[in-house]
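Engineer: So TrEMBL lists the following for this protein:
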| type | residues | note |
| --- | --- | --- |
| DOMAIN | 16-180 | domain 'CP-type G' |
| BINDING | ASN60, LYS61, SER62, ASP63, ASN132, VAL133, GLY134, LYS135, SER136, THR137, GLY176 | GTP binding site |
Amino acid sequence: MVMALQWYPGHMNKAKNQVQDRLKLVDIVLEIVDARLPFSSRNPVLEQIIDQKKHIIILNKSDLADPKVTADWKVNFQQEGTNSIEVDAKHDKGLNKIKSMIRTELAEKIARYENNGVQNYRIKAMCIGIPNVGKSTILNRLVGKNVAITGNKPGVTKNQNWLKTNIGIDLLDTPGILWPKIDDPKVGMKLALSGAIKDKIYAPDDVAIYALNFLEAHYMDQLQKGYGLTNADIFNHTTPELLMDLTKKFGYREDYDRASRRIIDDVRKLKLGRLTFDVPGEFYEE
Ligand code: G4P
């Protein structure tokens, strides 16, 4: 049975308060999400708070996500009033557009400063994201060799981790760890499948069966090609039977856990192509 992951309200409240406190120090929030999970890798509790600020969604790991669905998500976010940008921090793609998007978002404020004689205003941005979305990779890329951690210096409040970039933006990293909020077991499955939460939390066969079901519904071609399956292989079997058949096909006898781990690994390593696990609209129908 698929269980909802336990979630600690105390931890979340602490993170929420820390984000809330620091919001007044910044001009804009950069919310980093996994492009394969633009819904499930967001934290709804934080969304409510950051709504008070200018805000950009960074869809990272876009190299792993289905480009058509990424485009749909960008439209979806735009319709909700938030601009988003796709990047691939691992291969340093798209990050140069972050600066121009931030400047567009803050155009009024920057113009106001310039009209008052303040040139080269250094924008202050806070980065938030649940673990494993690639926040450190993005911060390292943006900061580059010019890293200057200004926290714990005179005049800078203790425990604030400010990073200086050479693109006119100072970045405030969020303190602590912002765990995802997993009320919906499907969200837990998707986070497990992407590798965002530890593999030991869910049984591999639960995650693999979830993956096979999802692939049957959304990426049938990729599933068939990836594993050399025919229509009959899929339509004449339930998903657990399909997992059993694949286990045999892989030569793993009855080691369903091994086959499950392989399927999860194949999904993560693009053996079944670029996949996005969250579909815009899907979450609003239920
Ligand atoms: P975090 O601070 O948000 O927790 O994430 P972090 O930057 O540590 O990145 C988590 C993993 O995601 C790392 O992989 C990192 O290389 C990978 N990653 C970050 N951005 C991208 C991206 O745009 N595309 C892809 N494909 N991967 C990305 P790892 O397995 O921990 O390390 P490694 O495989 O890089 O050695």
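Positions of Cβ are set from backbone N, Cα and C atoms, glycine also.
What TrEMBL says about a protein is an automatic prediction, not a curated fact.
So where do these features actually land, and what's packed around them?
Structural biologist: Taken together, the residues in the domain 'CP-type G' (16-180) have a mean pLDDT of 87 on the 0 to 100 scale.
In the shown protein chains, 28 other C-beta atoms lie within 10 A of the C-beta of ASN60 (GTP binding site).
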